[in-house]
Amino acid sequence: MAASTMALSSPAFAGKAVNLSPAASEVLGSGRVTMRKTVAKPKGPSGSPWYGSDRVKYLGPFSGESPSYLTGEFPGDYGWDTAGLSADPETFARNRELEVIHSRWAMLGALGCVFPELLARNGVKFGEAVWFKAGSQIFSDGGLDYLGNPSLVHAQSILAIWATQVILMGAVEGYRVAGNGPLGEAEDLLYPGGSFDPLGLATDPEAFAELKVKELKNGRLAMFSMFGFFVQAIVTGKGPIENLADHLADPVNNNAWAFATNFVPGK
């Protein structure tokens, strides 16, 4: 007997393809046929190399078998989870949220570390442009002028700055977690859309799915960049742009290996 496929129009199954096929033993036995249903799993964007079982893997064709729980449903899934951090669905959902949020902060932070130095090197009077030195200006006699302009924000108390940061960032994070704030409600806490997408970049589902991947790829790079900026600040005492300029001027003596050897015992 030929297997049959049908779509149920009941509201409970609306939009889901259901495969109804008899088991072989049932056909060959008494001739009685029992129908089995198989609900198709949701797939990623059609033709996208970043989603689904055939997506790009972390080592390309040498990646091996991916864990069963990494199905390529979510952006940034390259099938790599050696430590099993994503095995638990709740932990996986939480880690996805943390990664996206930290990626966005890292991208903003990396821009904030680099941009003032670029402006200062191109003749813009910026006060202290190096990111880790700028904040310490608040301990000077004159305090800290935002953007080097005393008419904007003239900060003189580190406690006042700390309290302001806690209040403002606490409010923003509270709105994000609750999914409700001055800009309205959000159905998706990670990708709220609406007022947060004034250019309508997420209107097309295919383009939106690809933008999610691009955001995570750039965010992961930004997190590594911020870590590198921290290490540079400790080791060289200079900002990222100045370190880059020194390396380009003398790559032999200004590189990670040369600075690492300075910490060899007895040197």
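Glycine too: its Cβ is placed from the backbone N, Cα and C atoms.
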| request: Check the candidates Arg36, Arg96, Arg220 against Swiss-Prot and report the one noted as N2-acetylarginine. | output: Arg36
| query | Which residue, chosen from Thr34, Thr38, Thr71, Thr91, is annotated phosphothreonine in Swiss-Prot? | reply | Thr38
| remark: Checking 105-108, 221-224 against Swiss-Prot, the stretch recorded as region 'Interaction with LTD' is 221-224
| remark: From candidates Glu73, Glu97, Glu99, Glu210, Swiss-Prot puts in the same chlorophyll a 1 site as Trp80, Ser86, Arg220 the residue Glu99
| request: Check the Cα-Cα distances from Ser86 (chlorophyll a 1 binding site) to the binding-site residues Val153, Glu173, Gln232, His247 and tell me which is shortest. | output: Glu173
| Which whole-number value in Å describes the distance between the Cα atoms of Glu215 (chlorophyll a 3 binding site) and Arg104 (chlorophyll b 2 binding site)? | 8
| request: Find the shortest Cα-Cα separation between Ser157 (chlorophyll b 3 binding site) and the binding-site residues Trp80, Arg104, Leu183, Lys214, and name the residue that gives it. | output: Arg104
| Sequence-remote contacts (6 or more beyond its ends) of the motif 'Required for interaction with CAO/cpSRP43' (197-200), Cβ cut-off under 8 Å? | none
| task | State the non-local partners of the transmembrane segment (100-120) in its own chain: residues 6+ outside its ends, Cβ under 8 Å from one of its Cβ atoms. | result | 126, 129-131, 134, 176, 190, 215-216, 218-220, 222-223, 225-226, 229, 239-242
| remark: From Val153, Glu173, Ala256 (binding-site residues), the ones whose CA sits within 10 A of Arg220 (chlorophyll a 1 binding site) are none
